[in-house]
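According to TrEMBL, the domain 'DUF7347' annotation covers 12-91. Feature annotation from TrEMBL assigns domain 'DUF7351' to 108-280.
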Amino acid sequence: MGDDPGEQPSMREAFALLGHDIRLDILVVLLDEWVAAYTEPTTYAELMDAVGVSDSGKFNYHLGRLHGTYVEKVDGGYVPTAAATALYRAVVAHRPDRARDRTQFEVDSECPRCGARLVGTHERGFLSVDCESCDDWLGFSYPFPGNGFRGRTDDEAVRAAHGRCKQHLGVARSGQCPFCAATTTIEVERDAIVAGNEPPIEIRCDSCSFHVGSHVLFPFLLDPDVTAVLSDAGIDVERYEWELPEPTTRVTSQEPLRIHVEVDGPDGTATFVIDDRLDVSSGRLE
Ligand SMILES: [Zn+2]
Ligand SMILES: [Zn+2]
């Protein structure tokens with residue numbers, strides 16, 4: 001009855017498999033033991049004992065239903081599949097926590113356009129930072145699991161989300177989706193590079209829904225060549241991206257695309273050149 005004609009269960013079937021207490025117990029036992037790929041498999045006897053089912057026919061039936069999708073048989077016993085562990089991590093990352101829900105909070109940073117104190121929100125798995133006093137700044141918004149607020153103040157959570165975005169942009173720029181590991185496609189919008197407010201860089205995953213729009217500097221804030229030249233210009237690269245001096249950009253060649261980027265700091269002007277694959281060349285201080 002699935003949508004897929006092959007052996008792969010449809011998403012509907014995969015979720016439906018979880019709808020039974022014995023099957024959930026089996027998964028919980030396996031996931032409790034699981035640390036990483038080197039986790040010792042749980043033997044058939046251990047598993048049956050931990051789940052507390054004495055009827056082996058019934059136990060075999062439910063174990064069999066999970067087999068392939070959530071449970072794998074290896075030498076010495078059973079382990080959760082990558083899908084089971086990924087699902088487990090997603091549920092842990094995004095589990096609702098009403099007591100800690102912080103839908104709106106002050107951020108220790110100012111709007112780069114009007115100087116007003118910024119406001120943070122956390123909704124549907126996204127942490128956003130916006131200015132409520134002007135419409136001139138596009139703001140910051142990035143996927144951030146609610147779990148990221150545990151053990152952190154609001155400002156620490158914003159720092160963490162910003163750092164996460166920076167890391168992910170670095171990985172995505174190198175051609176890999178930070179969420180699903182598939183290849184990425186980079187688009188540099190030439191007109192937006194010069195005109196201004198819209199994010200001129202877009203990186204999307206060729207497989208999942210990862211899609212991020214970025215200003216010019218953000219994908220390069222972990223690039224050693226760029227951070228070195230920015231630091232030489234006296235710019236603190238650890239600050240929020242929106243607190244850095246606004247870069248000036250100039251398209252110096254259309255084919256192949258070359259964009260000259262200049263950032264003014266207290267100790268000089270950092271310059272570097274990027275291409276349509278977001279590779280960097282000739283970083284220097286002027
Ligand atoms: Zn503002
Ligand atoms: Zn992806």
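Just so you know, glycine gets a Cβ as well, placed from its N, Cα and C.
Within the model, the domain 'DUF7347' (12-91) carries an average pLDDT of 91. Counting residues per DSSP class in helix, strand and coil order gives 47 helix, 10 strand, 23 coil for the domain 'DUF7347' (12-91).
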